[in-house]
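Following: one structure in structure tokens, then a few remarks.
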Amino acid sequence: MHTPVLTDRVLELLAPALSRPGAVVVDATVGLGGHAAALLAAFPEVRVVGLDRDLDALAHSGERLRALAPERVRLVHAVYDEIGTVLAGLGSARVQGVLFDLGVSSLQLDTDARGFAYSRDAPLDMRMDATRGLTAAEVLNTYDAAALARILRDYGEERFARRIAESVVRARAVEPFTTSARLVDLVRDAIPAPARRTGGNPAKRTFQALRIEVNSELDVLARALPAAFDALAVGGRLVVLSYHSLEDRLVKRELRGYAETLVPPDMPVVPAGAEPRLRWLTRGAEPAGEVEKADNPRAASVRLRAAERTAPNPDRTQPTIGGAS
């Protein structure tokens, strides 16, 4: 059974917003439905809108969640930057909570045919939505060396990005890449021997970079966070679980602007409409506790940030937390 990460803390942070009558929460990455199931159980009146780009995940979570509370669940095949469009289609003007549990899911990692895991030989796919987009194999076989080096450096924080990229280009001229084992071997051979002995599997950063590129993860997240903020009613809460530093830094940067006033710092009075629209609920990024890390390996790298919407957008009226859509 999949164990969701930091469930108790997520429920604690969302509780003040979701305890109100008629509350709606968006699980923007519903996955196998672990967090959503906990939300349905903890808040007997809350309605959950679950989004996922992975049809396999939606099939699993749909079976699980509809068995719990079919009348309180709506699941939608969508990417999480489409929150606004999805809510408009459902007739929900504002919601009281939004949850993001980012990164690759347990289902994706455990299904060999999806190609996310570097520990097993499998087709190089890595698409979270298997119905569209380039596969990892197509990226490896078509991007030039400069583009490959860029994504390895920017998305994998790989020190040996250029060496790996050049090795990929040479190898694919002999035979195109199709499966993961060959790529794992290439990465191991491309980097200096001392680097192979530190930091776990040498291919980890390359696989992360390819996955982020294939799914446009950081670009989607940069669009999704403002969309989620706009969807929140005043008093609504946003919780984000990140699993690597690129995600966490992006979350901090995108939300920081909402926590600042819209006037110069030397102004003696902050006029109405220029006050901060968000307050942080967490001090920095919170990790999981040692007990949870021991019980749930996926919790080892998690970083949680949470915030509450405190004001509407300038020159715009919107309902407060009591006015659920």
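In case you wondered, yes, glycine gets a Cβ from its N, Cα and C as well.
Taken from Swiss-Prot as is:
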| type | residues | note |
| --- | --- | --- |
| BINDING | Gly33, Gly34, His35, Asp52, Leu87, Asp101, Gln108 | S-adenosyl-L-methionine binding site |
| COMPBIAS | 315-325 | compositional bias 'Polar residues' |
| REGION | 285-325 | region 'Disordered' |
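Here the features listed in Swiss-Prot are painted onto the structure.
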residue: Gly33; record: S-adenosyl-L-methionine binding site; DSSP (3 states): coil
residue: Asp52; record: S-adenosyl-L-methionine binding site; DSSP (3 states): strand
residue: Leu87; record: S-adenosyl-L-methionine binding site; DSSP (3 states): helix
residue: Asp101; record: S-adenosyl-L-methionine binding site; DSSP (3 states): strand
residue: Gln108; record: S-adenosyl-L-methionine binding site; DSSP (3 states): helix
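Site extent for S-adenosyl-L-methionine: among the recorded binding residues Gly33, Gly34, His35, Asp52, Leu87, Asp101, Gln108, the largest C-alpha separation is 26 Å. Summarising the environment of Asp52 (S-adenosyl-L-methionine binding site), the number of other Cβ atoms within 10 Å of its Cβ, over all protein chains shown, is 28.
Within the same chain, residues at least 6 positions away in sequence whose Cβ sits under 8 Å from that of His35 (S-adenosyl-L-methionine binding site) are Pro4, Thr7, Val10, Asp27, Leu99, Asp101. For the binding-site residues Gly33, Gly34, counting C-beta atoms within 10 A of each C-beta gives the highest total at Gly33.
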